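This report concerns only the one structure given below.
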Amino acid sequence: MIQVLLVTICLAAFPYQGSSIILESGNVNDYEVVYPRKVTALPKGAVQPKYEDAMQYEFKVNGEPVVLHLGKNKQLFSKDYSETHYSPDGREITTNPPVEDHCYYHGRIENDADSTRSISACNGLKGHFKLQGETYLIEPLKLSDSEAHAVYKYENILKEDEAPKMCGVTQNWESYEPIKKASQLNLTPEQQRYNPFRFVELVLVADKGMVTKNNGDLNKIKTRMYELANNLNDIYRYMYIHVALVGVEIWSDGDKITVTPNVDDTLSSFAEWRKTHLLTRKKHDNAQLLTAIDFNGPTIGYAYIASMCHPKRSVGIVQDYSPINLVLSVVMAHEMGHNLGIHHDHSYCSCGDYACIMGATISHEPSTFFSNCSYIQCWDFIMDHNPECIVNEPLGTDIVSPPVCGNELLEVGEECDCGTPENCQNECCDAATCKLKSGSQCGHGDCCEQCKFSKSGTECRESMSECDPAEHCTGQSSECPADVFHKNGQPCLHNYGYCYNGNCPIMYHQCYALWGADVYEAEDSCFESNKKGNYYGYCRKENGKKIPCAPEDVKCGRLYCKDNSPGQNNPCKMFYSNEDEHKGMVLPGTKCGDGKVCSNGHCVDVATAY
């Protein structure tokens, strides 16, 4: 644990106000000028790092004093963070720059519970903060006086294009009635507090158009991406999700895909490139493309729904339509929200007095809040689909930055970390020291009850199927033992299926999940349609092309069900959606014949499948 530094920045009352000025965010018609003056109080003999872990800024907005507390965003970069660009002859150049002493911060405004703030302190102060419900931006003025900064409201930026901007994702709300019911649920503080964090390892990609737009200045593009990621991390922490930047890629020598104004084509091409190229050389969970191209119509973003962790479809595309990082961050958070199973908000969804991130149309003032509907949908997706790539919390030894008590991450030298003393809700943990209180054996974990290890034999993870036995506490640890499955290929459900990654996938259950009761696996003749290789009947996709099923593989393509429900008589019912082509396909590991299972669109011998 390191000594927390207190840095006071005195900002003199602005000596003048401007009526209009051109800043990085655009033409601002009303702003205040402030002069930061930094005073550092360090313990005697302490070595001052380039960028402190904690800082405090004091200044005035509209003549009223504001105290801004900032803490370095320790979760911004991953241990294996890398940057890739290309030489003029197309050679890939990848580096692993040091990122421990970076200059990107989150924080809070004193005495304003609803305040949000995301600031970079690389060359002066740049970013945004919300104060008393209004969004302000701050950035250095490019004057000979390098200490001058502009502070202005978002509403005072002159917008060149006032036309409404939209996400390209469409959906049928008539078919999503459960969301309305879910939006009416109220989570208790205890439920929210103990929701486990998830970790999204993100790669940001900039196309050749971004390079041209920024006059070939790769450092400028990278700085922009750092600021976008810092904002994303701040936005998603309220969803109990940490977004860590694991890589930046810039297509400096030319686009690696065909980037067109058609969002369907561009998203599909980017998804295929991510699967076949990016994922083979860089471990990550999600990739977002930032492009300078102007998408057709009012669309500025597009993504696949419920696709997080999918090797191909865990992607989104965002148009660089605004110079304001906060605006682009909200659009990117919106598209990543689709990847996390979140749909557009409806009239019954609420963010209190604010607009919501998942509105189909981007609001006049960008919101950094997800609605109650979004929270429910996101965690329904996480709990129901279990996207495994975002489950693993980085080990304390994997975090390259110095441990900081109070950041809610268990790091080297800490026994617990429940946040700041003001926010800590853990009765077992001393928030000031990140050590367990006297008499406590544990402060967290599925095998920790009232600060003591649970008794040996206490069930800590229930069985999800006969292929996934329950786990029990050992009595010697607060952690539940590792989740162990029966061996893949072991017969299950009275030989109707074979175990696969802890489940027993059979077609009847998959039909039930799609259509409900009274729907069963269809006759074999229905599956012959998978030989067509058309938009719905195929076994797999290769380089964007749908490959028809071989005769022996027809039961490993599109799923066909027989609907016997009242008023229905459909012997070959199937599900297909342009938004999610994979939904409705027979799941991997499903039995496709005696001693055979589906694997990569083929019906193979279970003895050799795994």
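Including glycine, each Cβ sits where the backbone N, Cα and C put it.
Small disclaimer: the values here were computed from a predicted structure and weren't measured.
Take the Ca(2+) 1 site that Swiss-Prot assigns to GLU201, CYS389, ASN392: the candidate from ASP265, ASP285, ASP320, ASP468 listed for it is ASP285. The disulfide bond recorded by Swiss-Prot for CYS480 reaches one of CYS451, CYS460, CYS504; that cysteine is CYS460. According to Swiss-Prot, of the candidate residues GLN132, GLN184, GLN192, GLN425, the site noted as pyrrolidone carboxylic acid is GLN192. According to Swiss-Prot, of the candidate residues ASN186, ASN372, the site noted as N-linked glycosylation site is ASN372.
Bond annotation: of CYS356, CYS373, only CYS356 is listed by Swiss-Prot as forming a disulfide with CYS351. Among CYS442, CYS451, the one Swiss-Prot lists as the disulfide partner of CYS448 is CYS442. Swiss-Prot lists a disulfide bond between CYS428 and one candidate from CYS405, CYS451, CYS467, CYS473; that candidate is CYS451. For CYS603 (disulfide bond), the spatially nearest entry among the disulfide-bonded residues CYS351, CYS389, CYS549, CYS556 is CYS556, judged by CA separation. Distance noted between the C-alpha atoms of CYS473 (disulfide bond) and CYS442 (disulfide bond) is 13 Å.
Closest in space to CYS598 (disulfide bond), of the disulfide-bonded residues given as CYS309, CYS442, CYS480, CYS561, is CYS561, taking the CA atom of each residue. Taken residue by residue with DSSP, CYS603 (disulfide bond) is part of a strand.
Put simply, of the disulfide-bonded residues CYS309, CYS447, CYS448, CYS511, the one whose Cα is nearest the Cα of CYS373 (disulfide bond) is CYS309. Following the DSSP three-state reduction, the secondary structure of CYS373 (disulfide bond) is helix.
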